[in-house]
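Below: the structure, in structure tokens.
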Amino acid sequence: MVDNGHVTIAMADLGTVVEIAQVRCQQEAQRKFAEQLDELWGGEPAYTPTVEDQASWFQQLYYGWIGDYIYKAAAGNITEADLPPPTRSTRTYHIGRKLSRQAHADIDASRRWQGYIGCEVVYKSEAEAKGVLRWVGHLQQSDYPRSLVAGVEWRMPPRHRRLAVLGSAAALHNGVVHGERLFWPHEDNYLCSCEPVEQLYVKSKYNLIPPRPPPSPDLLRTLFKVHWYHVWAQILPKLLSDVTALMLPVLLEYFVKYLNADNATWGWGLGLALTIFLTNVIQSCSAHKYDHISIRTAALFETSSMALLFEKCFTVSRRSLQRPDMSVGRIMNMVGNDVDNIGSLNWYVMYFWSAPLQLVLCLLLLIRLVGWLRVPGMAVLFVTLPLQAVISKHVQDVSERMASVVDLRIKRTNELLSGVRIVKFMGWEPVFLARIQDARSRELRCLRDVHVANVFFMFVNDATPTLVIAVVFILYHVSGKVLKPEVVFPTIALLNTMRVSFFMIPIIISSILQCFVSAKRVTAFIECPDTHSQVQDIASIDVPDAAAIFKGASIHTYLPVKLPRCKSRLTAMQRSTLWFRRRGVPETEWYEVDSPDASASSLAVHSTTVHMGSTQTVITDSDGAAGEDEKGEVEEGDREYYQLVSKELLRNVSLTIPKGKLTMVIGSTGSGKSTLLGALMGEYSVESGELWAERSIAYVPQQAWIMNATLRGNILFFDEERAEDLQDVIRCCQLEADLAQFCGGLDTEIGEMGVNLSGGQKARVSLARAVYANRDVYLLDDPLSALDAHVGQRIVQDVILGRLRGKTRVLATHQIHLLPLADYIVVLQHGSIVFAGDFAAFSATALEETLRGELKGSKDVESCSSDVDTESATAETAPYVAKAKGLNAEQETSLAGGEDPLRSDVEAGRLMTTEEKATGKVPWSTYVAYLKSCGGLEAWGCLLATFALTECVTAASSVWLSIWSTGSLMWSADTYLYVYLFIVFLEIFGSPLRFFLCYYLIRIGSRNMHRDLLESIGVARMSFFDTTPVGRVLNRFTKDMSILDNTLNDGYLYLLEYFFSMCSTVIIMVVVQPFVLVAIVPCVYSYYKLMQVYNASNRETRRIKSIAHSPVFTLLEESLQGQRTIATYGKLHLVLQEALGRLDVVYSALYMQNVSNRWLGVRLEFLSCVVTFMVAFIGVIGKMEGASSQNIGLISLSLTMSMTLTETLNWLVRQVAMVEANMNSVERVLHYTQEVEHEHVPEMGELVAQLVRSESGRGANVTETVVIESAGAASSALHPVQAGSLVLEGVQMRYREGLPLVLRGVSFQIAPREKVGIVGRTGSGKSTLLLTFMRMVEVCGGVIHVNGREMSAYGLRDVRRHFSMIPQDPVLFDGTVRQNVDPFLEASSAEVWAALELVGLRERVASESEGIDSRVLEGGSNYSVGQRQLMCMARALLKRGSGFILMDEATANIDPALDRQIQATVMSAFSAYTVITIAHRLHTVAQYDKIIVMDHGVVAEMGSPRELVMNHQSMFHSMVESLGSRGSKDFYELLMGRRIVQPAVLSD
């Protein structure tokens, strides 16, 4: 029996004890996780009262407290520091922490049923049907995907299950439903089923418990729980605003009666005018207070949601991020767009009850005016409601589909920006741009559907109140009654009120539906399991000499496997009544469809070795990150389903890592070295066995993670600065020479991902960060592979054996000559430990000779061994070594591992450019450029004419009713009626035309702006990407494009709507009562001055807000990439504090926009109230002067129109400000379109357009085949594939005008088919040479001949097509193995397998169930760094049409044996190609035809390896001798051809 609270639950059998224990462990883990969250958020920062806190009630009412900020902002000299900070209750820390607590409480509550797993259950209606609860969760392929179901292993199944025929959808199963492995039964039988949890009882000792199904987590519900006060505070001002708005038609009725009365006194009329004035003022103040609270609540929703997303990015498990639908692009989209949609709900949430209330009150008032004649009009109203429901459902479906397409577009854009170097190296720009444009085209199709639905919405909502009033007046006429002014004008006023309510309906519904879609997406991410480290604290056990202990541990990761596609059995009619039907058996709803992927996927799931509870199912759209390669087979919007399947990485690990010692982990590429280190940090799942480790860990990854900060910031990493320690760290990490040449010293910005550092410098900065952290355990993942020989020697002596002496050091390396230095050695092979012991024991095994044969030849010095000292270079090498140590480092940084293009570019060491911020008004050129992109000025002229004509028709209906009611034309009643019906007809069918035309033009503009932006970024020079953070560029494609797609189109539409409405109102007022100009003229002047101040202020605030978003995106992307490093160093709380500070700035800017709008609105509307009072007052004077009945009718019409002027002006001002503020996004997009320096690729636009056209109706695979045909066919005919020749004559190169030369008169010649190695110290110009070959940088002197032609005679893409580039930093993209090695899909499967075999990856890929079609996760996270590099090599080997192969230290992260095998393969299989290799491992180029030694940008030496090494005065000879006796011996053996690895043979 198990005690569950106060109830004793019956365990089913002894086998469930483990499951019960697992549940208890989960509960304990939840408690510990709550403590981790408290530590993550830390204490509340100090608070200083703000200006808003100290404002009086009158200042709060009329927003006087913000006046100083508005005038300062209008002057155009504000920065983020000038923004008033948020109040204590609205700070991101405060609201984010509250939301975090509530969200985790809701998630824990939703998992309450997990506590019953392993308990005995009974079917609700059959007491004899008993079984054991094995699983609780949600079925993916179900018509009720959010319904909680229970997986039960039955002893006696329910009757409806027993009657099912085996093989049918309702049959019992063995834990697999629709190909989805839900759980593993204890008995290997088919006695399992999934039942709705409400159909089960949990059996206790005394009775049956009917546990209530917990509610599913819902971010919206959680937000309302947290911010309930701000939500409820909107009710009172909204109610007061609505009531006073409805009082105005009543007051108008009495005023019209006063004007028509024969004996009315002037005092009564003046009292009515004053009452109308005061009612208007109260309505204005209460409406703006409501807007203030609602928009503030929206800002709180946004910032607290972003804070929660940041927290989740820090705590989400690695397993969750393996899900295809949780890509970086999707997370960025959630922060950029989804939280905005969630926040916007608060702008309109009160209209849920306000709009119906207003309509009901309007109907009651109409009944009061016209009696029973209102009933047919009400029928018209109710007829339109079902139509609105149908349109709403369509909009929701389209919005969900569009959200997934936007995810796909952003993911593809992020991949392009993150891997832009390899994209340019390989000439893939058209492919990537076409894929993004394809996603954009699908997004625009969805946007078109939304726009069409909105036009229908507006048609219905515009037509409904007009038809209602028309029906009323027709029946009024038919009944024989005479229209009178006291009936007509209050009715018109009520009609205008109804128009506002109906006008809000499409906005409300659209906002709500978008909010629901976004909340669902964010909730899915928040629900992802958090990381719960299975590494136990070694301090809990008494093992003083151990730093970590593995005890029979099995280390696993999770990979997604596609499930077979199934379709619903329900008919369309059944689906439409889905929520009204009884929820039946889940499995009966769906059936498996025949598809090429179904059987394979199902087989993959069933054949994969998984453990109990080790699977997790996920869902994604076919347009989303997952399965995009299959979109040719899946209709747009169809879903694809995946299951996360456990994969064993390390098996049965039993290992004790000694404390305070140096442990070296060696093994071939992919053997599991990095996995072992990751397991110590808790990065992987421990499926069996146990693992203990110390908590104080510093981690140096194989690919250094560098923050976009200064050098000082990267080393300190949020620690306090200790000057003495910092200098010592810089010294021992060999950074002194680099610092001496950095113009800003320690304060030099080193760029995003360390873009202006070489690979070795990034490794040393990463190492310096670890050393400065002063931890107990150091995990070093092969940091020496990126270092020069002599630098690596000093690092070993000064850091690993020096400053870190006495610390626990675990070094993963390929360099076997370092093993004598190790206190403990661990050897890995194929995921298993084959040896663990000291060097003496290792030397006595056969492994020692085997590994020496496999791993020998590493580039670092052997001098660290017991028989050779650290300075064991020969006498001849000493001068060179000394010279190498003192090399001028002015060129030591690089683009992707070479030299720095921006060494002296910006003063004080600043590399990253400050984001541009325009000042003053948005220039007219921006408006003109935008209007041109939207179809041209002629099209907008037609649009304005359409708006003017339709507004004239709309105003004519009110004017005609006024004429009809006074009978001034002396026509018959039927004639009045027919003319009125004709006007109504034109009004109803004319209004949708302007909406449709406006949406169409705006959509064209969005398409063209995105296309131009994408093409501009696609051909931008590398210097742009080196100085611009990816987050800043991505902000243009997310936030700014979202504004152009959604916000700006509505802004222009409503701006024109309200502008022409205001014009018609003012014209009618002036024509009817010219004396009203006495009030209008000064009010218009005041309007103008206030608008000037406000627009300038709002514009500057909006610009700050736009800029404030970019650092948020940048920090989020850095956090996702460096999560492992940040968490290991225990700095998550500090990064979160930085994020909260940036979110406070975003909130402040958004809040200031809101309050500034209120500041302006209350002032403008007060002036409007004055105008209304003047109209009424003039009417009173006219009454006293004996005005005619005709004039009285026109005065009544003028007053009726003036009452709408207040709200019209309020919305007009808001839309003017919103449009001008949102035009900042157009300005920002145009800046990247027009101001970015471009490469000369004039054919790019046509290539992309051709590929996008060819994509129509075709799958991705077909498209990418077309890419190579269209982009390469013509060029191939002109320049057939041949071995390349290269001649450089006096080549000079500088990265920018005014900077020093990086290449100084370089001259050499490379013959066809030659194998050339380029060597030299970091900063000598090696990588710059390769960049010059690829024309990533342009030469400023000299000539380069490629295949006998000057390089300048080639087009840029033609030049790059001649070269296959293998960069230093491996970059893989989300997709399949085939797509990564052959993006153009022009190679056969046999050729792909052969290339993988040549680089040593065949066995690794063959181990996947889908082979070369197996999935590569985003960034290649399911492959080791070395394997990623091998994948890049296979990619280059398969590139066709090239005559050169360029390798930039491409084998730095693989073991030497595999490196030699690859080099031998290159020598034979590519004998017809010219190979140019940059290498620090001298043995890599020992068998090459020619060696070029670079030094300070010049060719210091050139010749064959044999010639150079035999010249004892040469620099190359000194470099070889600096390897030490054993290293130089290995080199000479390779040189003499005695140790050549036999290459694999490329099969046909």
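Each Cβ is built from the backbone N, Cα and C atoms, and glycine gets one as well.
Just so it is clear, the model here is predicted, and its values are computed rather than measured.
Look at Swiss-Prot and you will find Gly667, Ser668, Thr669, Gly670, Ser671, Gly672, Lys673, Ser674 tagged as ATP 1 binding site, backed by sequence analysis. Positions annotated as domain 'ABC transporter 2' by Swiss-Prot, on the basis of sequence analysis: 1286-1521. Positions annotated as N-linked glycosylation site by Swiss-Prot: Asn263, Asn1095, Asn1154. Annotation source Swiss-Prot lists topological domain 'Cytoplasmic' at 1-238, 520-932, 1206-1548. According to Swiss-Prot, the transmembrane segment annotation covers 239-256, 266-287, 349-367, 375-392, 463-480, 500-519, 933-950, 975-993, 1051-1070, 1072-1088, 1164-1182, 1186-1205, on the basis of sequence analysis.
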Stretch of maximal Cβ-Cβ contact with the transmembrane segment (239-256) [cut-off: under 8 Å; candidates 266-287, 349-367, 933-950, 975-993, 1051-1070]: 266-287
Positions whose Cβ lies under 8 angstroms from the transmembrane segment (1051-1070), at least six residues beyond its ends: 943-944, 947-948, 951-952, 954-955, 958-959, 994-995, 998-999, 1002, 1076-1077, 1080, 1171, 1175, 1197-1198, 1201-1202, 1204-1205, 1208-1209, 1211-1212, 1215-1216, 1218-1219, 1222
Stretch with greatest number of CB pairs under 8 Å, the transmembrane segment (500-519) reference, 349-367, 933-950, 975-993 candidates: 349-367
Contact call for the transmembrane segment (975-993) against the transmembrane segment (266-287), three or more Cβ pairs under 8 Å: no
Cβ pairs under 8 Å between the transmembrane segment (1164-1182) and the transmembrane segment (349-367), at least three: no
Residue from Asn263, Asn1095, Asn1154 whose C-alpha is spatially nearest that of Gly670 (ATP 1 binding site), among the glycosylation sites: Asn1154
Spatial separation of Asn1154 (N-linked glycosylation site) from Lys673 (ATP 1 binding site) - C-alpha basis, Å: 55
Fewest other C-beta atoms within 10 angstroms, as judged across Thr669, Ser674, Asn1154, which are the recorded positions: Asn1154
Alpha-carbon distance [Asn1095 (N-linked glycosylation site); Thr669 (ATP 1 binding site)] in Å: 61
For the transmembrane segment (1072-1088), distant same-chain residues with Cβ under 8 A (at least six beyond the ends): 1066, 1164, 1167-1168, 1170-1171, 1174-1175, 1178-1179, 1194-1195, 1197-1198, 1209
Inter-residue C-alpha distance, Ser668 (ATP 1 binding site) and Asn1154 (N-linked glycosylation site) (nearest angstrom): 60
Ser671 (ATP 1 binding site) and Asn1154 (N-linked glycosylation site), Cα-Cα, nearest whole angstrom: 58
Minimum Cα separation from Asn263 (N-linked glycosylation site), reported as the residue among binding-site residues Gly667, Ser671, Gly672, Ser674 that achieves it: Ser674
Inter-residue C-alpha distance, Gly667 (ATP 1 binding site) and Asn1095 (N-linked glycosylation site) (nearest angstrom): 66
Distance [Cα-Cα, Å, rounded] between Ser674 (ATP 1 binding site) and Asn1095 (N-linked glycosylation site): 56
